[in-house]
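Residues or ranges marked as ATP binding site by Swiss-Prot on the basis of sequence analysis: 172, 173, 174, 175, 176, 177, 178, 179. The site 'Required for activity' annotation in Swiss-Prot covers 373, and the record cites sequence analysis as its basis.
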């Protein structure tokens, strides 16, 4: 029988080989326990190493965000369905802070505040993950707002112009057309998008916070119908969502926009509306037992909005020159703009467009109150052509509103006042616009120029909108070269201005008012100065049968 021999070297090498290839199946992780839960908030004991804003994993794959870090427990906001979360369940750390996927594939899609698609069109291929709580651009990384962003709304482009990188507040009571103004601004970017020029293209983001599901579906349908959905992303946190989703939705939208901004691209983002975000944050804070302040809002509600809106900027050329323009919407109660949230956001933004319910009910739409609406960027964000023709429009409109209120109590008015009322009524009609019908800047300049020069004075007020629409259609044919010379908002002057005037004179000869009368083709009255007005014989209408 052969002798069995075992080499010690073979034994050693076999053991070494086994130990090197062995992978332990156990791991160390922190596990917490839900101590109580209600209304989308969970208190978790344990997890001593959890970070602020860290994602926590609850049973069933439900995620939460660690907001309150206390000695013995964590206060977390549950993102998603919280009905199944119960006391005693285990909670695990993920090691990740809150972030969302971003990229060009998000254009044309509807996502929730976690960046997950909810439009039934399949998964979205992300380019990268972007942290939600990201520091805004520093002062040295910015440049002044000087590049205009046309909204297609004559009243805004002429009176409270918006520039790329600006934050312009849209404020007013419910049902005054706030959302419609912002949707029109998105629709007006279609012409720039179709050029294919990256310096002109504007990517749009519409953030719906606490809106009815049917309202969000209506916005999506309107964008789709007008061909604007291809360059727009919708971030939806409808009224049925938890307070956590409504709180996060604006930050998700801004993270998607910042991704493009830091690539040197231009972005327009609409927050509809931040009042509901503040109310959701108030609910979260009260449930987390944070001390309430004015109107029961927590002490950091100003920071909630300031750190969001400060992300809108026009970056310096060294940073790529990209921009993100913000249109936050705030809903007021009974036109009270002195309430807590409205005053907070007014102080953060670069101006506001105030929509008034009284004007809206009178049929003035968009119902913009010229007296309380302002752009702190001012003429820097206007094209040269618009700045020239609309320079005195704000003053004229303010004087008209004041005189209109006075005339309600006065029976006899002098010629100057009558002339101002007649001209003001025509300005009001010109600034009215139908929904989803943005006006190109060239058409705006020509219309304002002709009213300013007195060409609309002989047209009955009730026919102004029809006259303006038919005149512009005719001018695009008969004075096409003049329109080409003011493309991009160039100044209307010289031969182009004379061609517009001549074509307008010719058009007026064939225009019939609604009562069948012909508009007299009188010489342009020009701007109505005080000395000229006093010597001017003013009548209510100039028509000849």
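Residue numbers in this text run from 1 along the chain shown.
Note that Cβ sites are derived from N, Cα and C of the backbone, with glycine treated the same way.
As the structure is a computational prediction, the values presented were derived from the model and not from experiment.
This view paints the features noted in Swiss-Prot onto the structure.
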residue: 172; record: ATP binding site; DSSP (3 states): strand
residue: 177; record: ATP binding site; DSSP (3 states): coil
residue: 373; record: site 'Required for activity'; DSSP (3 states): coil
Seminar exercise, completed: Listed in sequence order, the residues of the same chain lying six or more positions from residue 174 (ATP binding site) whose CB sits under 8 Å from its CB are 331
Seminar exercise, completed: Lowest 10 Å Cβ neighbour count of the binding-site residues 175, 178 is held by 175
Seminar exercise, completed: When each of the binding-site residues 172, 177 is scored by other CB atoms within 10 A, the minimum falls on 177
Seminar exercise, completed: Within 8 Å of the Cβ centroid of 172, 173, 174, 175, 176, 177, 178, 179, the other same-chain residues by Cβ around the recorded ATP site are 331, 355, 357, 360
Seminar exercise, completed: Other C-beta atoms within 10 angstroms of the C-beta of residue 176 (ATP binding site) total 26
Exercise. Do any residues at least six apart in sequence from residue 179 (ATP binding site), in the same chain, have a Cβ closer than 8 Å to its Cβ, and if so which, in order?
Worked result: 215, 219, 272, 329
For this session: Pick out which of the recorded positions 173, 373 has the most other Cβ atoms within 10 Å of its own Cβ.
Result: 373
Exercise. Taking just the CA atoms, what is the gap between residue 177 (ATP binding site) and residue 373 (site 'Required for activity') in Å?
Worked result: 15
